[in-house]
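Written out below as structure tokens is the structure these notes cover.
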Amino acid sequence: VSSLRRARGVKECLLLSLLLLAAWQAGSGQLHYSVPEEAKHGTFVGRIAQDLGLELTELVPRLFRVASKERGELLEVNLQNGILFVNSRIDREELCGRSAECSIHLEVIVDRPLQVFHVEVEVKDINDNPPVFPMAVKIIRFPETRLLDSRFPLEGASDADTGVNAFLSYKLSSNEFFFLDVQTNDEQSQSLFIVQGKSLDREETAEINLLLVATDGGKPELTGTVHILIKVLDVNDNEPTFDQSVYKVKLYENAANGTLVIKVNASDADEGSNSEVVYSISSDVSSKIQMKFKINPSSGEVRTREKLDYEETKSYDIQVIASDRGTPSMSGHCKISVKLVDINDNTPEISITSLALPIQENAPLGTVIALITVSDRDSGINGQVTCSLTPHIPFKLVSTFRNYYSVVLDSALDRETLSDYEVVVTARDGGSPPLWASATVTVEVADVNDNAPLFAQPEYTVFVKENNPPGAHIFTVCARDADAQENALVSYSLVERRVGERALSSYVSVHAESGKVFALQPLDHEELELLQFQVSARDSGVPALGSNVTLQVFVLDENDNAPALLGLGSGGASNMMSELVSRSVGAGHVVTKVRAVDADSGYNAWLSYELQPTQGGARNPFRVGLYTGEISTTRPLDEEDAPRQHLLVLVKDHGEPPLKATATVLVSLMESGQAPKVPLRASVGSDDLQEALVDVNVYLIIAICAVSSLLVLTLLLYTALRCSAVTSEGAGRPGKPTLVCSSAVGSWSYSQQRGQRVCSGEGPPKTDLMAFSPSLPQGPDSTAERQQSSDSECFGKPRQPNPDWRYSASLRAGMHSSVHLEEAGILRAGPGGPDQQWPTVSSATPEPEAGEVSPPVGAGVNSNSWTFKYGPGNPKQSGPEPKKQTQVSFLLRRKGEASQPRQ
């Protein structure tokens, strides 16, 4: 009855403990299920998907999976209905041993986004293990002289189950000599004793057979039995007795082999050999205990034989027997309870269960990189683990559950700054000294297209000579992209636009991969001086990024155009003109003027005129102006001069090599008062010619007035600007220097700023109106010479003359009605300056001398071009001193033309 009461009290305590455990688990924030052990395959455990709040349709797309550190094959989830079921046999005793609590911890992992759920499945014990005694037959020897109430300890049965199923009750078969005494100590362990209730008489009963039955508390009850054979002995009637029936010892688990555990002592009241005690470990204990401990038979010292491990076994119960040397031998028994004390001898273990790598460099903050589980086999504070990460990295640890961590993104990433990180996870326990372990996770940063290709500079200037071969390589653009792989693969293309009436792609092309720019056709400086366009560089990312660079291609002039002679008068021949001259004219009389233009620019368009010597070396009474083309007499004509003079004028430019053209002038000398003979060809249509001359004279008068007014306005504007510049700048700040170039005819100046014809696609090229500040000529060490030297060093050769001296296309074709002044001239004033002396206009002036205004190159205009002169108009007037000359350079734009931007 007392055993039943004790069993009922134990059951109530276990039930209360289970209720408290369930209440604690319900508040821990994880799913709890229970399943009995030995459940069949397919046994329902729980609707895990529904309890986790997941839809059945998203289980497969989100890669629903279950992981477990302890034999994950025991449980499985049906992805079709989200039910957790038993997959294989679950043996609680094999899984958890004698532990009071037995649970299977599951990690449920889903992706997109990555989530982790913790599920605990409690394995409930069923009564599937009967009590088992250490042996089937137990032989006990009782001397006949043993006193009543003598006690003999028995090794109880063991039940692999837990809880109520492992609570055992014992029953001894009825007999008249012995009864069973069961004692329960404070640790709920039982001690069995066979107590002698009646004196033994070996002569009456030599052996007694008893049956000990152990019954567990399960439903249904299971039993185990052991046969006890009691042999009644005669002789030695005193057994050795220990000082204590139970010895309790605490021992550190790191105790070395041979460490003394305890020394037991037993005494025997007999004398002689019957009182000599021999100690031994009971054969009833497990072989594991016999391997771990040993006892000295004589002294009773118990020592360790092997290394002890708290994590393997926390305690040992050692049964020690003290036997005397009597015949028969008598023995006493005691139990040594050894409790191991844990030390910090196990380093933490780190397990990386899931990785989401590589990570995009634009990943949002909080993105989960990896899941980390840490554990420590030690207990107490030695098993408490803290985790940390390498400092100064864009990641942090977030605790999701006890000993479960997530590595998440803490700050923005940039692959171009650092493409991978070595993340070291360090786990450190709380022992003294603490032990630690580390694991390295290499986090690769995946590239995204966040960098556009970049050029080294926003604009490039390219110089290309005209008449280049088609397909010539003129430049190579290169853009760099800081991204990787296809995001850094750069392709090039033209930014298409119109250049005049044509598409840009008809002039140039760019190779998509190398960035080489090719000229698709020969470029013509006379047609196109500057070609400005953009090249686009785009990478292959999604979306693609790009940038543009501007190319300014300057087409350099070459001497590819010979001088072209303009209309040669009424002769009608392409290179011949006829003139009538009276023999009475004096020296310096202008007979005619040979006019020619060159489509090139600069030196290549600078024309000079030469008169070829006559055959036979005869003295020629005529000469030609070197740069004006005016044919004039060198002396008065006399009777010895031939009546018909054939003059051959050679016109050549200053290119390398120079190109030439020739004009034949036929001069007929006539006597004073002799009527000129009109050639037959000239007489035809004379009426029409007279009418045309009348119209031309009207236009000439209008043009002369307009040019004179414009010249006066220019001089007034120049004087005002000059005065204001002197007042504001002072004597210590000279004006902008003028580049001075030397030639065969002296020094001539032109502006450092070129008037370009820019092809921008909005319309045909036009000529600008440009006015330049005057400057006084400098000495040999002047700024102008230094500027000329600098320009020569930059280009490797003398700079070409300003292309603004070149005539426009309309002037090359010849003008019919109005006067056009499109060239930059040099206005010279005498020592006294422009003192109320206004320019005079003449259509036939002699060789330019001091005070004249004429183009600095030999490119003449049509028949309406003029020469301006300051001063009284005396052709023999000596020029002013060079050191006191004031030069004014100006360029007039034709009426009606819009100005273009200067590059």
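Even glycines carry a Cβ here, placed using N, Cα and C.
According to TrEMBL, the features are:
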- 1-29: signal peptide (SIGNAL)
- 34-133: domain 'Cadherin' (DOMAIN)
- 157-242: domain 'Cadherin' (DOMAIN)
- 243-350: domain 'Cadherin' (DOMAIN)
- 351-455: domain 'Cadherin' (DOMAIN)
- 456-565: domain 'Cadherin' (DOMAIN)
- 581-678: domain 'Cadherin' (DOMAIN)
- 698-718: transmembrane segment (TRANSMEM)
- 754-807: region 'Disordered' (REGION)
- 826-903: region 'Disordered' (REGION)
Restricting attention to the domain 'Cadherin' (34-133), give the mean pLDDT.
82
When secondary structure is assigned with DSSP, how many helix, strand and coil residues does the domain 'Cadherin' (351-455) contain?
4 helix, 56 strand, 45 coil
Cβ-based contact of the domain 'Cadherin' (157-242) with the domain 'Cadherin' (351-455), 3 or more pairs under 8 Å:
no
With DSSP as the reference, give the number of residues of the domain 'Cadherin' (34-133) in helix, strand and coil.
12 helix, 37 strand, 51 coil
DSSP on the domain 'Cadherin' (243-350): how many residues come out helix, how many strand, how many coil?
10 helix, 48 strand, 50 coil
